[in-house]
Amino acid sequence: MAEGFAANRQWIGPEEAEELLDFDIATQMNEEGPLNPGINPFRVPGITETEKQDYCNMLQPKLQALRNEIQEVKLEEGNAGKFRRARFLRYSDETILSLIHLFIGYCTYLLNRKELGSLRHDIDIEAPQEECYSSREQSITDNIKYGKRCFIGTAGLYLLLFIGVGIYLGTAKAQVVWRLPPLVVPVEESEIIFWDCWAPEEPACQDFLGAMIHLKASTNISIQEGPTLGNWAKEIWGTLFKKATRQCRRGRIWKRWNETITGPLGCANNTCYNISVIVPDYQCYLDRVDTWLQGKVNVSLCLTGGKILYNKYTKQLSYCTDPLQIPLISYTFGPNQTCMWDTSQIQDPEIPKCGWWNQIAYYNSCRWESTDVKFHCQRTQSQPGLWLRAISSWKQRNRWEWRPDFESEKAKVSLQCNSTKNLTFAMRSSGDYGEVTGAWIEFGCHRNKSKLHTEARFRIRCRWNVGDNTSLIDTCGETQNVSGANPVDCTMYANRMYNCSLQNGFTMKVDDLIMHFNMTKAVEMYDIAGNWSCTSDLPPTWGYMNCNCTNSSSTNSVKMACPKNQGILRNWYNPVAGLRQSLEKYQVVKQPDYLVVPGEVMEYKPRRKRAAIHVMLALATVLSMAGAGTGATAIGMVTQYHQVLATHQETIEKVTEALKINNLRLVTLEHQVLVIGLKVEAMEKFLYTAFAMQELGCNQNQFFCKVPPELWKRYNMTINQTIWNHGNITLGEWYNQTKELQQKFYEIIMNIEQNNVQVKKGLQQLQEWEDWVGWIGNIPQYLKGLLGGILGIGIGVLLLILCLPTLVDCIRNCISKVLGYTVIAMPEIGDEEETVQMELRKNGRQCGMSEKEEE
């Protein structure tokens, strides 16, 4: 019997109370009884001596009754099995506690487990014997069931931990492909750009994504020099001209030129070639043609296909240029355009030449000068026609109006115009394609709306001093007897009326074709009958090219001398060269499809929701413009990259939801077209390398993908860690210093796309293996979350135990219920005869001994 019980048989101490409560619990159990019919408070883990004394005081009446019951109890045949089962459950509980503490890493419990929640001395056993329990005695208790699960779970946890560590160590040095990085670089000279125009006033350009013109942002990024939009000026001009005239109808042949090209021996031996040049005639409407030709339409050029414009002056990135007034034909008055007068320095034939050297007159020191000159024109009715009755308002009643006969060949739309300044023009200059006789000038004229006439614009040509001899070329100057030249006065004096006419056609060379555009019908539809006037509408920023004229000392033959000391060049403005000059400030850049960076980028990449494909808008505009311009290092850019993704994702979702609610069809049209266009553009980027990136393990929503080690080792894609410097380098510097690395990855993509035999075979094997074990690659991510959760819960429980003593009793009860804590029940026996038998019961049945023999 315990020492405390022997000292005072009336007062029941903690040790005797513990055994009495064990007996009380054991009597409630059967062979297949519940695992935990009750909890012995004296066996709660961590109970103190003071708490045991308090329990004794509270439970003293109950304990006295249990002691009396034990003295009267009869040891029945079934009691031995109950005691053996209680003892088995006690040790099974200790096993479960060991597994749980092993699971949470509390290994010191394994060393001190016999001191926790048990008597200071265990049940006395004279000689340790091997205990054996039948399966009926063990049964399938909750402890056994959960113990097996806990053991399997613990083993699986550590197995996954080892696998995860192995995978992490195996991929720690992997290299990562950063898809669509926040970076812009110059395009190559050989790259093809796709562009279109946007002009709100012109239907020919309204089919483009007009809203893209507003997608721009300032940046302090410095981009390496590369091709500008001016490199494609000729192609852009040709396309714009076709857009301006695309609604023109082709009619009959306007002119046919027959020429003979002789061979090196003349026409001997049939070496002559007869060439016939056919100039077709196109009928056009003035409102769709003339405004474009004179640069009256504000046109923005926008890039597609992932290309972006970088304004070298304003440091802005945008999809479109600022609105430009682009004249499509040669003009005397035009925007500021640099021209060269020294022919020895002219390499590009499209650059306008500012002087001539085949005359004695030598034009040099050409300069562009702005001007405020105005041309005023008025028309007086003088053509044959008929009086027609016109219906007027009720006040004026009906009246008769004069309508000229436009179908008559004698009908000619003539005007009288004057200039506000004296204009002296240079020697010879061509007008369109085909010589214009006499002194001449062309300009645009605007007519305001009135009661009898609508608002309109016309192209007017004024000619004076037209020579009678068509074989001679009218040349500005006063020198007589010049071979092949007819001297004319090319000065247009201020406030002097000159005979002018509406220009009803013009000839242009587009690409390799010469075309004549007939606008006779367009002129008729603008109601030119009657008396009206117009004023030139030259933009205030336009001017002309003024050159100094000096006479050379050459006197070999009679040549035309300078009429004045200065001369204005007619049709000096070259539309292609002018367009090139306007577009030189726009550098064409692109966002790389991918950037190879070290694997450590994945360490400081925040966990965020994957973005949808239309969030490429943020990558191509907001991020590339604002983010890349901060000059931040690669480490900071990764975080900012995902912040922009998340922010823009939320913005797009909110805008789309608002549009659905309000059902603003007209307002949302441009937005929908913009989003569709950007989706297509982003999909093109993904589809271009879709197969290759998929084989590398990247899906369409992933922006960081690891390159398989066998690939970057095979292609020797070694990253210079010194240059990377743990991410303390800007992405622009990294791209410039690792171009060879990016090129090698491009070779990998191309090899995969071209179904390289070796790569294809390896990828097939990799695909078969990945179908089975592909989920292993995500284990480290899962383990991080699982391990972090377990550690967090463990630390939280530990803090509660240490910092909240008032909740200790509640926590004990909860732990006992969760762990299924069970105690043993051993009754006290007073007779010596029964002592031996009880020792057998306490020790359990020996192997090979029946219950009756044991009793």
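Yeah, the Cβs are placed from backbone N, Cα and C, and that goes for glycine too.
When the ranges 153-173, 615-635 are checked against Swiss-Prot, the one recorded as region 'Fusion peptide' is 615-635.
Per Swiss-Prot, the stretch carrying the note region 'Immunosuppression' among 186-204, 661-679, 775-793 is 661-679. In the three-state DSSP assignment, the secondary structure recorded for ASN736 (N-linked glycosylation site) is helix.
Comparing Cα positions, ASN481 (N-linked glycosylation site) lies closest to ASN551 out of the glycosylation sites ASN258, ASN274, ASN499, ASN551, ASN736. When Cα-Cα distances from ASN531 (N-linked glycosylation site) are compared across the glycosylation sites ASN258, ASN418, ASN548, ASN736, the shortest belongs to ASN418.
Within the set of glycosylation sites (ASN418, ASN531, ASN548), the lowest number of other Cβ atoms found within 10 Å of a Cβ is recorded at ASN531. Counting neighbouring Cβ atoms within 10 Å of each of the glycosylation sites (ASN481, ASN720), the lowest count belongs to ASN481.
Neighbour counts were taken at the CB atom with a 10 A radius for the glycosylation sites ASN258, ASN274, ASN499; the maximum falls on ASN499.
When the Cα atoms are compared, ASN736 (N-linked glycosylation site) and ASN499 (N-linked glycosylation site) turn out to be 64 Å apart.
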